[in-house]
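Asker: What follows is a structure written as structure tokens; I'll ask about it next.
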């Protein structure tokens with residue numbers, strides 16, 4: 001069992017694949033999955049993307065740095081919506097960010113993170129790394145290390161890592177376990193290189209799993225075989 005985990009979610013979990021905005025049935029499912037691991041007794045941090053609000057290619061006509069800042073604010077919107085949804089079912093939750101000072105958001109003070117966890121709060125990190133040119137994958141790796149997580153879970157719509165694209169190659173082989181070195185040398189695109197670098201440096205394992213498989217988060221937290229795991233070299 002892992003005691004403290006960071007869950008990286010795509011914005012699509014708020015609306016469903018290929019959709020936009022917010023879909024209540026998807027959000028109810030998301031809350032249910034988070035509640036399972038909270039009830040199990042682990043400390044939970046969350047980083048969520050903003051793909052349900054907009055996608056990067058839609059902002060190609062403006063400078064990249066501005067597009068990234070818009071993306072950061074999109075993650076704040078999702079974080080606040082998720083906070084409200086978790087609180088509605090009795091889960092204590094706090095949103096922390098370095099990019100905004102809204103009344104419902106607290107600044108990131110790392111001395112406070114352990115206090116939040118000790119008090120039973122889920123901590124949602126909004127606003128990415130607070131700097132442009134970095135992905136939410138990198139933000140998840142950074143926040144996972146900063147909060148002292150012993151597992152990073154990337155919750156996706158696929159059930160793990162494959163040696164080639166299973167949509168294009170019916171013979172693609174699932175890799176249940178792989179090292180950071182192999183993941184990087186194979187050029188696997190499950191996370192960006194900056195995220196791999198941070199996790200590898202601090203020997204933080206990553207589980208890639210299908211979020212839409214009921215109970216997959218809980219199985220990962222329990223240390224059961226689910227998805228694919230990237231282990232330190």
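Even glycines carry a Cβ here, placed using N, Cα and C.
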Asker: According to Swiss-Prot, 129, 130, 131, 132, 133, 134, 135, 136 bind UMP; so which of 68, 214, 225 is the extra one listed there?
Answerer: 68
Asker: Given a 10 Å Cβ-Cβ cut-off, pick out the one of the binding-site residues 10, 130, 136, 156 that has the most other Cβ atoms nearby.
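Answerer: In terms of Cβ crowding, the pick is 136.
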Asker: For residue 136 (UMP binding site), which of the three DSSP-derived states applies: helix, strand, or coil?
Answerer: helix
Asker: Taking only C-alpha atoms and a 10 A limit, tell me which of 8, 10, 51, 156, 165 are near residue 136 (UMP binding site). These are the binding-site residues.
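Answerer: Within 10 Å of residue 136 (UMP binding site): 8, 10.
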Asker: Excluding 68, 129, 130, 131, 132, 133, 134, 135, 136, which residues of the same chain place their Cβ within 8 Å of the centroid of the Cβ atoms of the recorded UMP site?
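Answerer: Going along the sequence, the neighbours appear as 71, 72, 128, 138, 139.
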